[in-house]
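Presented below is the structure to which this report refers.
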Amino acid sequence: MHSSLSLSFSATSSSAATVSRSRHSFHSPSATPLNLRFCGLRRQAFASGLSSSLIRHRSQLTPRPHSAAVSAALSSNGTPPKSFDYDLLIIGAGVGGHGAALHAVEKGLKTAIVEGDVVGGTCVNRGCVPSKALLAVSGRMRELKSDHHLKSFGLQVSAAGYDRQGVADHANNLASKIRSNLTNSMKALGVDILTGFGTILGPQKVQVGSSNKIVTAKDIIIATGSVPFVPKGIEIDGKTVITSDHALKLESVPDWIAIVGSGYIGLEFSDVYTALGSEVTFIEALDQLMPGFDPEISKLAQRVLINPRNIDYHTGVFATKITPARDGKPVLIELIDAKTKEPKDTLEVDAALIATGRAPFTQGLGLENIDVATQRGFVPVDERMRVIDANGKLVPHLYCIGDANGKMMLAHAASAQGISVVEQVTGRDHVLSHLSIPAACFTHPEISMVGLTEPQAREKGEKEGFEVSVAKTSFKANTKALAENEGEGLAKLIYRPDNGEILGVHIFGLHAADLIHEASNAIALGTRIQDIKFAVHAHPTLSEVLDELFKSAKVKAQASSPVSEPVAV
């Protein structure tokens, strides 16, 4: 998800006249800017404000007296064990840890995975998986409620309705099924699943849970993921002021909900809530909605996903304080101007969803025992995911993948990083190109992207001295899209006309999330446009949108210089 949510905080709090409707953003006490590019681009988060959010999610990490066995392990902090229980130990059984574990077994490594919560991590239990179940419902509701769309097919359908608990059960059942699948797949391959939180005691040593159990491994991967980021000044009650963790349970469908943040998380939930009948107000700190998307795609997406729907918005404002509904009073949101810090107004809504990105889940890992200092909560790593200590030196045999390192906060990026690490520890050097990793927003229609946005590409071209060109195709020219009466959409290619290198591809339209992979694989493999033009696509399919896109590009030389190796970021 190449989305960016940029937020700033100040110590000013304010109140203003109460309004019955409005459009907004959030605010928190601190003067440090926060730029959470949580959907695929690099992250910058501020230090203050993260810790309180993390502590709420890891109360079991309070200091406890060390047993004799643990104390003995700590006393030999700088000395690795002479023999090991495992070849590879992974702390965290989310999608990243699972991907690493399966690849490790394939490579012949004796592998264990430590999990203190439930297998599947955020993605399976509180993220990607249940959210797609809710979005599947919202997509069908939109079709059933669109008389114009149905009449164009010659269909007649009576009034559509839904059972809230049935929808919630669908999301929960899907998460349970996928969680079971992940668990069974690891057990079937002989991966040991160790229950408890993993704490690093020293080189190649991990304590599991609160017991005296100490496990050693030749190599260790940290894959602890992230938790919802909640700025100061926002009081979460889990009922009327909620995070995505709570929203996915769908315990209620409020008449009017404010969504703080218009990145991927906010956009997807706006799709769900409006399909189920809610009014939505976006609160965005920046001057435009959907920051971080390619501007042209963002403009089209706003015209289709926001303007025609029961959504209003406020941009360029902070919410200094959000108070849950209580004693018969609604949720209160106090707003100030992002630039002047002057009071704007106070909103009264039925509920508020905090979609301000995610924070790394790294407290209590025992990183101090190996002299590793986090950076705004993230574990510092190099391009090979090797952990870097406080002195800038690599920590031997220790790696960190996924949201915990902040390079690219996506489940599939975590899995790719884990596979890359396993390649390294089994003797094959491997550097992952993050610019080739796609991202998607599963709204209706979908948004997907890989590589650079047009402004980023032009900035890069100006610095490095090469020309940048853009090609576009419309879904309105695609037979399959027209057959589905889904002609609203655009595909955009950003490339170098001198050598045919693909710099970025952005798609807004039907099944955009599925279409992006041809472009992402081309970037990963270094395939040039003049070569991919000869690829054959079945007709009539949506894939022809990409076929036409590549064919429309104007590369100056057929025999161009080879594209350089992708640079890891």
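Cβ coordinates are placed from backbone N, Cα and C, and glycine is handled just like the others.
The shown structure was predicted, so the numbers you read here are calculated from the model rather than taken from an experiment.
Per TrEMBL, the cysteine from Cys39, Cys123 that shares a disulfide bond with Cys128 is Cys123. A gap of 23 Å separates the Cα atoms of Thr224 (FAD binding site) and Gly263 (NAD(+) binding site). If you check the recorded positions Gly263, Leu267, Ala411, His539 against Cys123 (disulfide bond), the ones with a Cα inside 10 Å of its Cα are Ala411.
Under a cutoff of 8 A between CB atoms, and with a sequence separation of 6+ in the same chain, the neighbours of Ala411 (FAD binding site) are Gly94, Val95, Gly96, Thr122, Cys123, Gly127, Cys128, Gly402. When pLDDT values are averaged over the domain 'Pyridine nucleotide-disulphide oxidoreductase dimerisation' (437-548), the model yields 97. Cβ neighbours of Lys132 (FAD binding site) (same chain, under 8 Å, six or more residues apart in sequence): Leu174, Phe442. Here the Cα atom of Leu267 (NAD(+) binding site) is found 20 Å from that of Ser226 (FAD binding site). For Cys128 (disulfide bond), other Cβ atoms within 10 Å of its Cβ number 19.
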